[in-house]
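Encoded as structure tokens, the structure appears first; notes follow it.
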Amino acid sequence: MDLENNNNTPLTGKQAEKCAKKRKCVITLDEKQVESKRLKKEESNVEATSRPPAQSPKKRLHLNGKPMQNKDLNFKYGNYKHYYGKRILNKDFHDIRLDVLGTQPDLFRNKQLLDIGCNSGHLSIQIARKFEVKSLVGLDIDRGLINDAQKTVSHLKRHATPGQGIPHIQFVHGNYVLEDDVLLEIERPQFDVILCLSVTKWIHLNFCDSGLKQAFRRMYLQLRPGGKLILEPQSFDGYKRRKKLSEQIRDNYNAIKFRPDHFTEYLLSPEVGFAEMKLMGIPEHCKVGFKRPIQIFTKS
């Protein structure tokens, strides 16, 4: 049959060829659209059958054994921004650990202190002011928390009333665990008291047994004769809840042999050198706090 145009007149050869190409193009486009819809439907069915079931946030972090990006990974050192803030949002909140530390105020008065893992500095500042220390250095691995602590100190100094003494408080960003044990050889005594409150778990999970043992030895070396290490270790039960923060932390957790109930024996051993340990007290916290023993280790 001859091809005709809209006026039912026969088409010329070129016109017929052009029309045929146009029809072929339209048919091809229609076929592609149909094929595209079919593929999308198949993909949708595959996705529906392969999608994992609903899971808790903790389980979603490790689908197929691989850690997913999660905001908790930013806090793998325990550097929670509101670690103390959650406890002081209520102005009536009182950190009961201050009462335990206050049973021996002479340990702090006119002394030079180091607070390892000071977070945003709330407790450090309260200790410095309440017990009239000579100076206090707060150290934390999170630069943002240190910036917050420095701002708090600056605010206190600006708003201090005449005659209101503000102790010399300095906050420093850094990792207390050294890159190499050989650096311990250059340590010199410079503090009367070192505070390590609820920090051992995070050192342990990130730097293994060797990192925590090195930190203990460094604490001893930085204390003057007769100096005190005030230690508030976390129990090993609390480690398990954080082991999924990253694959490295999980591997470190599985490799731990040096348990918290071994800390005292190690600190009193010749490898470290502390002369004695005494229990300072166990805080009786409200439910938003902690109830961990606070120990005092004395350097002979």
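Glycine too: its Cβ is placed from the backbone N, Cα and C atoms.
For reference, Swiss-Prot has these:
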type	residues	note
BINDING	ASN119, ASP140	S-adenosyl-L-methionine binding site
COMPBIAS	1-12	compositional bias 'Polar residues'
COMPBIAS	34-44	compositional bias 'Basic and acidic residues'
DOMAIN	95-300	domain 'Bin3-type SAM'
REGION	1-21	region 'Disordered'
REGION	34-68	region 'Disordered'
According to DSSP, which kind of secondary structure is ASP140 (S-adenosyl-L-methionine binding site) found in, if we only use helix, strand and coil?
strand
Could you tell me the mean pLDDT the prediction assigns to the domain 'Bin3-type SAM' (95-300)?
94
Could you tally the C-beta atoms, other than its own, that fall within 10 angstroms of the C-beta of ASP140 (S-adenosyl-L-methionine binding site)?
28
Should ASN119 (S-adenosyl-L-methionine binding site) be counted as helix, strand, or coil on the basis of DSSP?
coil
